């Protein structure tokens, strides 16, 4: 990461490669040769290796102010540093003196001021920072930007200071590292983990935060960059300060002869620790305790728990005697005495850490004469001639010491980077910054490492040194001068007191970390199941984190850059698309750019559909950046989401060709953008074991997050606890409260479904099938009253909110053990335990349902017909009085295969489950809190507003079937049965959901092929009505369309036959073909058969030669078979491979010329679904045994035929 210098005690103590933050953070301690003046440096000898041909071109800035001209003498490239014009502070140099080689220029030290900062000065700095922040999130000039500026200005005027929001603090800390001119490792600036400790009040709390920081950053040797920010400086109050220059340092003991045992750089802080009660050792590598100071209090001494401090014994790969020298060094370089400045606010305690560059240890810490000074000892052991410098004994010994450091750290699996890799990464960082910001502040004297100077590329690079804000700044030691207020020596603490402090800190570590590690849980849901899972995940993560659960459409994607942990639970809608409330999130995620896909090659700008919904599933870009990611290291750019840890769970059905496609897309994009995946993608198949899959994934995700953030020592127990039925719902934690008069139905439906509802009324309901048919398909005509919210275009969907059947509701009410009065509106209240710093314990209303009677809830808001989930069965098992029923319910809830077979065979409603298990009690609060919501039913609109203004038509198949192989009870479709019984004037709650990807092309001259068997013809009725309007009212002559329809029998269910023939005669259709699957005396034919046998040439011509469109509407099985057929047609007619044809369809989808409107499983798909379920069971059982990871990409997508 960057090279860090520790500062504050004497010039020169090197700090490891920590964050490489601050002004003195690199591999140089004393001054190197001053950097040549830009554009005036002497020409070095010609390079021995040819200049790379990828050097950036010379680009002159626009006319105006003169900018520094910066040359790379190795390759000859020239750039102009325009960013330097934004420098916030003059450097230490004067017109007559260059002070660039001073380690601590007084002018650059931040000192406490007497009294508050001048208001105008602070306001100027605050405005500049707020502007930087909103520019970074691409919201500059927005209403939120202007409002935030006003808030800050008002706060500064009223109080003399202001508070940063957490996202602003994260941005500011990262920018401070990015702006640090002496840091060589800044390419990783975006990966800095920021811990907000601004709520800290005491030195004891400081120590707890610091212990957590060390534990997180050390990460068992896989070091992670981090910063912990303590409260800011306030006028008239002392500061929070860490007296140690680094969190981990070795003591230096002054001997009687004047020599030092240990690290000479730390003699002063060692003596201060002894004065404050520390009992010293006498070793060369004794870890110092910490001296921590709260405002206006004397410093307190804290000993670091030994298990927190990771150390590396040093040995050499070939010099066996090297290990006998007894050398060691600590893993974590953590600078702790620099000041963080953000927007004029100063944070005097903000320890930050990263990892070492090997030369910091091997050259500076071990070889400097004023440090451990082992150079000559090693040279003697190597039998080198130390009598003359011409033998280069110092250089030879230094190289071997550096080899030993690298070898030892790598052997111990502790993060470290060599100086060649670090400086090469800095050159890449310079290039990145030149493109992004027009320059990069850099101090040549500190960037060039203390070994191999001209062998590194930075030696030949001119640099411009200037100072931007936010920044890390030097500050005086707290025990010196004006900073020493309140630093009096306190009495020595006894060993018992010190030990107790460590014990208390250890017990608080997890609590404090949990309080500050925030987790964002995002869900995208069509039916509410993903939302339910997200809420369960929130309850689980509350055991060790500070979680919030948000719908995707409530979340600003730019916030991802400032998140530490994000969990995503999302469904996939239709043909692999995002759910409606995830569409904006998906679009914003696709627009973001990442470290591995930032080049402007066209294939890297593929849309969501072509990248994640293509038929061939081939995406060379994914394999390309994954390869780069595997090859990446700590010297590569971190990407926009460098600090993000994430995991994703997808809900879907393997009956669909793009199973969990949106979840895979989110998982892929988050990794592409630089995020770190904590757990492989989890996938839950609604056809089998979805809840079990989620439960296993959630527990694994929780454990992985706890390990990553060093919290939740009892993670496994907490996960088991949250999913225990006895823990997840307790009778005594819920109660019903009487409410005032409840709202009308439409506002309540709006509350439940989070979208505005409208009321249409029935004009007519007409059966479209023959009276001889045993089935029914109805044409429903609705009067919209010309409401603006019910305006639509042909191809859009209408969502209808049906009630449950009254008989079913009454039967269920009779089973409730404690029903409230039937006419009394009630609400559920839950007893919340409360939490430290949060609201106190008390009864809190459950916001899921509005106030309503129990009958209204069961009628309009709760799903009582879907089979109960395993989780609900587990709850019911705890309420069963008969032990046999309790055992059976528990077995069903725990055995995924048994549950799925039971659900598939019986498809039981809640009432049927209660009839099967009659001893189960049914409390009213359980019904109101645990039953899923009754979801809207979606239908394609079957009309055109131009033909029927103020009306919406629906084509609905009325569903009725018997379970248990035809021998069970008769089940009815909730919405279709209800609508079939409606009369003229009856109200219908509904809303419009646009389908912009399923609309006729704006150019009516483009040819179109429409494929829709059964009720799949519904949207096409709106298409032909719209085209008839174009022909007869507008006088247009659009290209005739081709319709491919399918039904069972020409005499029973040939829907809209007369309308279609009329439209054909009037020029809407050029061809109309019908496939009959059960027509007496005719072979069984499906729509895909007609495409293959009758329309192959036309399909190829329309799609590949004439820029035409193809529309497919129907159930998933039919749509998949049509897709396969079209793919084979394109391969055959276009003389291409099948995979190439798949890629062509992917392009057609991306261009919105291949359109699909797919609805769910139908009874016709039972055979196909059974086969998919069997395969899914096998996969899930392997997963539960650990044979496959929690995330799996299916080897092939199932594409069942019809």
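Cβ coordinates are placed from backbone N, Cα and C, and glycine is handled just like the others.
These figures come from a predicted structure and were not determined experimentally.
When Swiss-Prot records 775, 1015, 1077, 1078, 1084, 1086, 1088 as binding NADP(+), the matching candidate from 748, 805, 815, 1048 it lists for that site is 1048. The candidates are 39, 136, 623, 1176; Swiss-Prot tags 1176 with the feature phosphoserine.
Scan Swiss-Prot for phosphothreonine across 218, 494, 1162 and the hit is 494. Ranked by CA distance from residue 1015 (NADP(+) binding site), the binding-site residues 355, 474, 527, 686, 797 have 797 at the top as the closest.
A gap of 78 Å separates the Cα atoms of residue 1088 (NADP(+) binding site) and residue 101 ((6R)-L-erythro-5,6,7,8-tetrahydrobiopterin binding site). Within 8 A of the CB centroid of the FMN site residues 525, 526, 527, 529, 571, 572, 653, 660, 686, 690, the other residues of that chain are 530, 651, 652, 684. Among the binding-site residues listed (93, 98, 356, 474, 1048), 1048 has its Cα nearest to the Cα of residue 527 (FMN binding site).
For residue 939 (FAD binding site), the spatially nearest entry among the binding-site residues 98, 459, 1048 is 1048, judged by CA separation. When the record's NADP(+)-binding residues 775, 1015, 1048, 1077, 1078, 1084, 1086, 1088 are compared pairwise by CA position, the greatest distance found is 24 Å.
Across the residues of the region 'Interaction with NOSIP' (97-485), the predicted structure has a mean pLDDT of 94.
Counted over all residue pairs in 525, 526, 527, 529, 571, 572, 653, 660, 686, 690, the record's binders of FMN, the longest Cα to Cα distance measures 16 angstrom. Comparing the binding-site residues 93, 98, 183, 445, 975 by how many other C-beta atoms lie within 10 angstroms of each C-beta, the top residue is 183.
Within the set 246, 355, 356, 360 that the record links to L-arginine, no two Cα atoms are more than 14 Å apart, and one pair reaches that distance. Between the candidate binding-site residues, 474, 939, 1086, the densest Cβ environment within 10 Å is the one around 939. Once Cβ contacts within 10 Å are tallied over all protein chains shown, the binding-site residues 775, 797, 1048, 1078 are led by 797. When the C-alpha distances from residue 93 (Zn(2+) binding site) to the binding-site residues 356, 360, 459, 571, 797 are tabulated, the minimum falls on 459.
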